[in-house]
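A quick write-up on the structure given underneath.
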């Protein structure tokens, strides 16, 4: 009976301590088999009316089980308990041996044997309890350690998450900073550019004022000289000089008069340039008022077109309009903005006319369809105006200078080089907007005006 | 009719003399010239009753045309001469100030002499 209990508890103990069912399924199966055999054995023992020799079978069985378990590496943690069974088994075997070999001696001292066996049996359970207690402490320790590990693992994970988050944040910040730097750089360039333009504009206006007065004298004196020449001619007729001499003198006077007229003519030219320069300083002197932008653009487009048509009869170009009807009235300086439109359209028409002239020289002008387009758009509280032509376009070095005062590609006398520089001033300082240009040499040019509304 | 022209540019004298040569010869106009506001005032002090018309530039070193106008209107409230202001800066601020101070007319440089001649003849 002791064998059975020992075996049963042993199996149960190993199974519960090592959690064999979940962690060591193979060992668990063997243990269950051992238990079943033990139950079968105890059943057989009672069925066969408890014969004495049956304890031999128990001894062998238990010995076999112990041998089997000692051989298993996984069972090492509970080895103490296994070792605790050994005295019981040995004592039981010795008792049986003595009982068999010396029944007399056994009869006399059998009680001692039984007491010893009982103590060994009890030892098994004492050991078992002790081990169980020990195991509990160990288990608790292990659980604590595990929990600590879990906690530190969680901390580590949260730290890693934090680090990751920070890294992403930093990367984003870095990218944003880089973008800001690039934006700053381009703004700086724009500022330098507009500063240059502004100082050039002021300089231009200053020069114009200084030139205006002496130029007035040149014009006035040359004009009065022409009058003087005429009078001189009249006076000569009154004198009595030989006709040949009169003619000679009149010839000289006529030359003088012509010279004065040339001076007047070129003086007037200079005057109109000075007037153009002075307009620089008058930018944004007027009052802003609500203006129908589409109508204004259309009006100046037609004005520029017919202006050019009047000078060149054969000139022709398609006029394309793409107006955003939602724009309505916008607060602008109507005269100044009109001047910008006039400049842009005049340039556009000039560009398509030039291209046609060049192509005709090459003999391939027939296929060319000149086109000037105006498009307006209201978006995000901003007014976008584009003037596009499919004319000559510009090379890069020309494009870089077009907003500078006095820069022109037109032949002498046909352009002052002030139109675009003034337009630039009107759009940027007059309306707080932007004037940009995009061009493909030989193909097209597009001027883009952006004006903030409100 | 005696006209006083006030301008810091001395060439104005020969220009006017040539432009109005016929009128000067015929005695229709008589021109005197001063080359600063101060000079004009001292001239007026001597010849006040003779001067019918003053043509003055506004932008002059020293006393400006506007100051000159102020002084004339203050010192000679009786028998005031006609005063016509001339300026290179045709801005409205200058114009309004001149008119407010009692200018009779306002011209912008470059002076249109045909127009000026007509105006002078009208005043006569």
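Each residue, glycine too, has its Cβ placed from N, Cα and C.
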Could you check which of A:53-70, A:143-160 is flagged in TrEMBL as transmembrane segment?
A:53-70
Could you check which of A:30-47, A:174-191 is flagged in TrEMBL as transmembrane segment?
A:30-47
Check each of the ranges A:82-106, A:207-231 against TrEMBL and return the one annotated as transmembrane segment.
A:82-106
Selected stretch (most C-beta pairs under 8 A with the transmembrane segment (A:82-106)) from A:30-47, A:53-70, A:112-131:
A:112-131
Are there residues at least six beyond either end of the transmembrane segment (A:53-70) with Cβ under 8 Å to its Cβ atoms? List them, or say none.
3-4, 6-7, 10, 14, 30, 34, 37-38, 41, 44-45, 79, 82, 85-86, 89, 92-93, 96
To what whole number does the mean pLDDT across the domain 'Histidine kinase' (A:206-454) round?
87
